[in-house]
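Novice: Before we start, here is the structure in question, set down as structure tokens.
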Amino acid sequence: MASKKQSTISLFFSSQTRKSPGRDAKKNDISSSPFNAASSTNNSIGSTPRVSPIAKFQYNKSTSTLHENTNPRVKRVSTLNVDVEKEHKKIKRARSTKLTPLESQILQLLSEHPDKILLIQVGYKYKVYGEDARHVARCLNIMFISSSTDPTFSYCSFPENRLHINLQRILNTGVKVGVVKQMESAIIKEVDKIGKSGDLMKRELTGVYTRGTYMNDEFIDSGVNSPEQEELGYIVCVNEISRYQFAIVAIQPLTGEIIYDDFTDDVSHDELETRLLYLRPSEVLLLGCGGNESNNNNNNNSNNSSNNNDNGTDADAQNQTSTLQCFQKLVNHNIKIERKPKGLNNLKAVLNAAALNFYRELLEPVQVCVSELVKYLEEFNLSNIFTVIENVSKFDSKKTMILPASTMLSLEIFQNSENSTTKGTLFSLLNHTKTPFGMRLLESWVSHPLIDKDKIEERYQAVEDLSTGSHFNDCLSRLLQKIGKNLDLESIAIKIHYSTTTRSLATKINRKDIFMMLLMYQSALQFVSQFEKTIKASNLSPLLKRVLDNLLQLANTDTVDRFMDMINPSYLLGEQQNLHQSSRSTREQKVKFFNLNNGFEEINRELAEIMNVKMLLEEELVKVKKLLQRPQLNYVTSNGEPYLIEVRNGKAVESLPIDFIKINGTTTVSRFRSKEIAHLYKMKQYHEEVLNNRCDEAFNTFLNELDSHYGFFQGITKNLAVLDCLLSLAAVSNSNSNTHVKPNLSDELIIDVKNARHPIIEHLRDGYVANDIDIRYDSNRVLVITGPNMGGKSSYVKMVALLIIMTQIGCYIPCEAATIGIFDSILIRMGASDNLLKGRSTFMTEMLECSNIIQKLTPRSLVILDEIGRGTGSIDGYSLAYAILRYLVESKLKPIVLCITHYTGLLSETEDEKFDKDAKDENLDTGDDVVKSYYMGYEEITQPGQVFPEIVFLYNLCPGVSNSYGLQVAKMAGLPKKVLLEAYLMSSVTDFD
């Protein structure tokens with residue numbers, strides 16, 4: 001019954017809600033829009049069911065199995081249910097045991113944050129307690145120190161300067177980590193007399209991270225320069241509205257990009273898988289799980305639905321499996337599951353009016369995804385990503401070529417089939433970008449080829465303009481090279497935006513990165529200003545002129561110059577020259593970041609105080625010299641302790657005044673401070689701490705001012721990214737090693753290419769054999785290709801598809817001449833593989849992909865079928881191959897079809913015999929003689945005494961039909977002669993066609 005239908009996700013996962021102390025979860029109906037709720041008078045953010053504790057999985061692609069995470073909080077995973085262990089066991093302490101203030105503070109922190117591993121700063125180390133410490137010790141290969149009195153206080157620790165490196169290693173195990181820092185200085189407490197001298201140091205949670213949200217935030221105090229940022233996957237929220245209806249919102253924390261979509265899928269979830277393959281998420285949050293009917297169930301019905309055995313349960317369970325497993329196949333780290341949310345936050349506290357109005361225009365299921373992501377990201381201080389609506393776009397497949405997941409995998413566009421890296425892929429061939437933001441834009445271009453002829457021509461003209469060896473092009477290339485791969489302007493700008501939410505985040509942004517960002521923006525604007533006359537006088541392509549005009553308009557403001565005047569370029573340029581060395585202390589960078597001649601009175605005041613204390617210390621040294629009658633005496637520094645008076649042991653020590661305080665010493669010397677020197681040194685430390693705070697406050701104000709110009713900086717970055725991509729395509733098009741030509745675009749559906757070459761294979765091996773492609777809509781739109789195994793059939797059809805993609809990206813293609821029409825989709829069924837994770841056999845996978853192709857057909861589709869029907873018996877396989885091919889031939893949509901087969905009998909059915917002229921299916925159009933047969937060329941070589949001939953592959957396409965020569969290929973593979981002879985005898989008396 002529909003009312004008792006089990007929700008998709010809940011069949012496999014149970015998610016327990018952990019309630020925070022003193023807070024009740026606000027319960028609202030999911031049907032109420034979070035954006036309408038935002039206009040209510042109650043501005044507080046209500047508590048909702050948390051996504052944790054949740055099970056986290058790791059997927060091993062080589063074995064297609066699910067492994068339980070090493071997180072000690074998670075129990076073993078059963079087949080149909082995941083029980084999540086309580087994350088912190090309550091340990092009963094003996095009543096006689098008295099807790100120290102630090103232990104009480106640690107217990108309080110652990111109880112307030114039970115869903116995280118806490119790294120707690122204690123002095124100059126970070127400590128992890130309890131069972132979490134055992135997990136971290138294994139992860140970092142450090143010592144685990146067990147407590148004899150209470151397991152809660154067992155711990156492991158590491159130095160504070162290792163925080164960034166160790167944090168990354170812990171996050172890679174798929175857990176959520178919180179960083180707790182000391183929020184006050186002991187010296188400030190002492191001098192300002194804040195509290196008692198023995199009071200506990202204040203500690204606060206300053207950052208929460210997962211692998212998908214960590215952006216090198218904690219490297220600032222690690223004593224190293226900014227490392228290269230690992231490219232993060234998207235954080236994706238999917239709302240499963242009904243069995244085949246989905247809404248999706250994805251955010252990229254590193255760039256601020258937001259993508260949304262709502263779509264209808266089928267039983268194979270091909271649409272969902274295509275989006276996930278493009279997004280490559282690092283974290284997924286699942287909502288909904290089962291459709292509107294589940295909303296009408298009361299709690300009892302929902303809880304008991306898994307026990308129902310009414311009709312359709314097995315089918316539903318199969319579909320539910322594929323929904324969840326679609327994520328488990330593509331997400332290597334965290335899959336977070338929630339049932340239908342019962343409460344939605346009031347987003348008015350997070351989003352501004354413009355953002356709220358924008359999101360109200362979206363469909364309600366998309367709004368729910370936005371609301372849940374805002375709630376989820378609040379803990380990571382990333383929720384204000386949704387305030388920049390300029391970064392929001394729709395995953396719109398109607399404006400670009402459709403490349404389903406199966407197509408991208410078969411053509412190896414982004415990852416190869418051997419080891420899932422980019423080596424040997426189309427993207428690796430095209431990627432000559434010089435900047436990270438340019439590379440990301442090129443990924444978007446490759447995955448979304450254009451279908452508008454005018455826009456493709458515009459891109460070709462821009463590539464042609466940038467292909468000349470002009471002075472302008474050389475300077476532009478050097479500018480992008482100067483920015484380089486290690487400076488991600490887009491990422492730095494969005495980090496500045498995040499920092500405006502929480503003050504503590506401002507201290508996690510590298511000042512050198514800020515300076516280099518401004519310097520590169522200044523260089524870019526100076527570059528276009530320098531060539532302004534050239535740009536305006538040149539007859540540039542519309543696209544290139546539009547991009548350069550945008551940059552010229554931005555260059556006419558003094559925004560970047562004003563910010564550069566506020567900082568100290570002489571110091572920072574010296575730092576930049578030592579960019580790959582740990583040159584100067586973080587504190588020195590803070591103090592010398594600003595140009596103190598332009599204001600900053602509080603910083604100048606503290607610097608003056610420090611200078612005054614230093615003068616007093618020198619005066620005190622003069623007094624000590626007179627006292628000890630040592631005119632050559634100077635301060636020494638030992639073990640990090642400065643301003644020490646060093647005296648040889650013996651009578652000299654005994655004669656010192658009684659108020660001299662011994663700091664350290666050796667067997668021969670002792671080191672002291674007088675009472676006044678100790679006091680002055682303490683005052684110096686105090687003013688240095690205050691100076692540090694004043695610098696942070698000034699920097700935070702500076703970042704807020706920068707963020708107010710986020711759109712301005714983003715405009716520069718986006719235009720530079722377009723130039724970077726165009727230069728990358730120009731580099732491919734101007735390849736010196738091989739001929740590349742600009743194809744002529746045709747309104748007709750035609751593929752006419754002379755001496756075409758496979759763009760990837762020609763770079764991997766020598767002696768590549770070029771082939772002509774001559775496919776015309778009205779004469780031979782269906783090619784049935786036979787020929788020997790390993791003869792190059794698959795490579796040929798892949799070459800056709802790749803050349804079309806390159807054409808519609810705007811890149812020259814490897815051939816001598818080409819005329820190509822515009823395609824709106826490339827649909828491929830290729831390869832023989834099962835999918836154990838989804839419970840599909842090889843043949844089931846094959847048929848589902850064929851079904852998807854038929855559903856997505858358009859009059860401008862290119863369809864590639866590789867050996868349809870080989871996953872089942874010969875008779876059924878042959879019959880299905882014939883029926884599917886006939887459907888594609890007779891369909892009124894009339895796509896171009898390339899069909900590889902070893903069923904040579906298909907040719908007699910499709911070519912020599914006319915189809916039934918009386919076919920009554922209104923979707924079929926019979927009678928067109930458009931099916932042509934081809935085979936991959938070869939030569940037979942017969943040696944005396946051989947039972948069957950050997951073959952030599954020629955790799956050229958020839959008209960006609962050919963056998964498969966499987967026995968010859970088996971011989972090449974090294975099968976024993978006895979086996980080959982037996983196979984030959986069997987084949988001579990058996991005809992499987």
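Cβ coordinates are placed from backbone N, Cα and C, and glycine is handled just like the others.
What Swiss-Prot records for this protein is below:
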BINDING   Gly787, Pro788, Asn789, Met790, Gly791, Gly792, Lys793, Ser794  ATP binding site
COMPBIAS  1-19  compositional bias 'Polar residues'
COMPBIAS  30-50  compositional bias 'Polar residues'
COMPBIAS  292-311  compositional bias 'Low complexity'
REGION    1-50  region 'Disordered'
REGION    93-212  region 'Mispair-binding domain'
REGION    290-317  region 'Disordered'
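Burial and contacts for the listed features, if you can.
Specialist: Neighbour density for Lys793 (ATP binding site): within 10 A of its CB lie 25 other CB atoms from the protein chains shown. In the three-state DSSP scheme, Lys793 (ATP binding site) is classed as helix.
Averaged across the region 'Mispair-binding domain' (93-212), the predicted model reaches a pLDDT of 86.
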Novice: Sorted by position, what residues of the same chain at least six away from Gly792 (ATP binding site) have a C-beta under 8 A from it?
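Specialist: For Gly792 (ATP binding site), the qualifying residues are Val769, Met936, Phe953, Tyr955.
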Novice: Near Pro788 (ATP binding site), which residues of its own chain have a C-beta under 8 A away, given they sit six or more steps off in sequence?
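Specialist: Within the chain, Pro788 (ATP binding site) has Cβ neighbours under 8 Å at Met936, Tyr938, Ile951, Phe953, Ser962, Asn963, Ser964, Tyr965, Gln968, Val969.
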Novice: Quick one: DSSP breakdown of the region 'Mispair-binding domain' (93-212) into helix, strand and coil?
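Specialist: The composition, in the requested order, is 44 helix, 30 strand, 46 coil.
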Novice: Would you count the other CB atoms within 10 A of the CB of Gly787 (ATP binding site), including those on all shown protein chains?
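Specialist: Gly787 (ATP binding site): 28 neighbouring Cβ atoms within 10 Å.
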Novice: Given the binding-site residues Asn789, Gly791, which one is most crowded in terms of C-beta atoms within 10 angstroms?
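Specialist: Most Cβ neighbours within 10 Å: Gly791.
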Novice: With every protein chain in view, what's the tally of Cβ atoms within 10 Å of the Cβ of Ser794 (ATP binding site), excluding that atom itself?
Specialist: 18
Novice: Validating a neighbour-count step here. Other CB atoms within 10 A of the CB of Met790 (ATP binding site): how many?
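Specialist: Excluding its own Cβ, the number within 10 Å is 19.
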